[in-house]
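Below is one structure; the comments refer to it alone.
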Amino acid sequence: MTTSKPIFPDSSSSSITNNLLSPSEASTIFTRLKSEAQWQTMHHQTGEVPRLVCCQGDTGSDEPLYRHPSDRTLPLTPWTPAVETIRRAAEQSVGHELNHALIQLYRSGADYISEHSDKTLDIAPGSFIVNVSFGAQRTMKFRSKRGYKSSNSVDTIARGTDMEGSTSADHTVDGPADLLQGGVDPQTSPPTPPSQRTIIRVPLPHNSLLSLSLPHNAKYLHSIPTDKRPASLLSPEEAAYGGERISLTFRRIGTFLTQEGKIWGQGAVSKTRDKAGLVIEGGAEAEGLLKAFGRENQCDEGFDWEGTYGRGWDLVHLKTI
């Protein structure tokens, strides 16, 4: 039976849903995903990111383009049968089209993703960022940005605070006692002092879907910290599948590449297909886009999307080979 719970104390617009697929589908989906995906390594500035990745999406005509801080944008491959099954279920859950997926394999508790906000240059307004998990249970950590203070007005999956600027909890999962495993805390927390930032930890079990609204993406950074606990301290859910987890992040993308190598749409200079422009390479444009990505990471709900991204960017890769 599918069940959903809100994640954040100020709104129920973002939630986590369990049992996305039927039990029979869920029992084989991890193996299917792992064998179907064309896994690659990805690099950004300091080196190889600590997980394997691939991209799938709508192909055949104009292809959706999602840009984020990586040296080279991953090639888009067609939906495989397993991912298509998941996409259909995810679209039904969130109520809108999903035309792009970034798929990541966390090979053990040592693989992680640093805290960040998803970059909205190419994400359609009003849509959800949809993260679906299969395999070993990991924990997603949300931390409010410096300019945002949660109201703590409703129950959440898990709640805590961390001193601003502290990194002690950013790269390691605290023990099981630090997690409210899908439970509800009826107690309201006192207002967060200005020197503190709200932290919410959300367990991501096998066959779960986390839907993140764009306003919450603007207010919170999120990460999958490393889990360095010995195997003896892991729950059966955390130790399942040999500790491997596959994450599929589906998005509705509004920027496109044509078969002729031109770019148009929301995040491009040309907003309509009839005026699609040529793709440009790196250089000063890449530096400018990286700075724009950095501003989005730092700004909360007051982020000026139009002033930062509105003029558009016609590059695909941040670094030339």
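Every residue gets a Cβ built from N, Cα and C, even glycine.
Any TrEMBL annotation is an automated prediction that lacks curation.
Features as listed in TrEMBL:
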- 97-254: domain 'Fe2OG dioxygenase' (DOMAIN)
- 1-20: region 'Disordered' (REGION)
- 158-197: region 'Disordered' (REGION)
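Summarised as a single figure, the pLDDT of the domain 'Fe2OG dioxygenase' (97-254) averages 78. The residues of the region 'Disordered' (1-20), classed with DSSP into helix (H, G, I), strand (E, B) and coil, number 0 helix, 14 strand, 6 coil.
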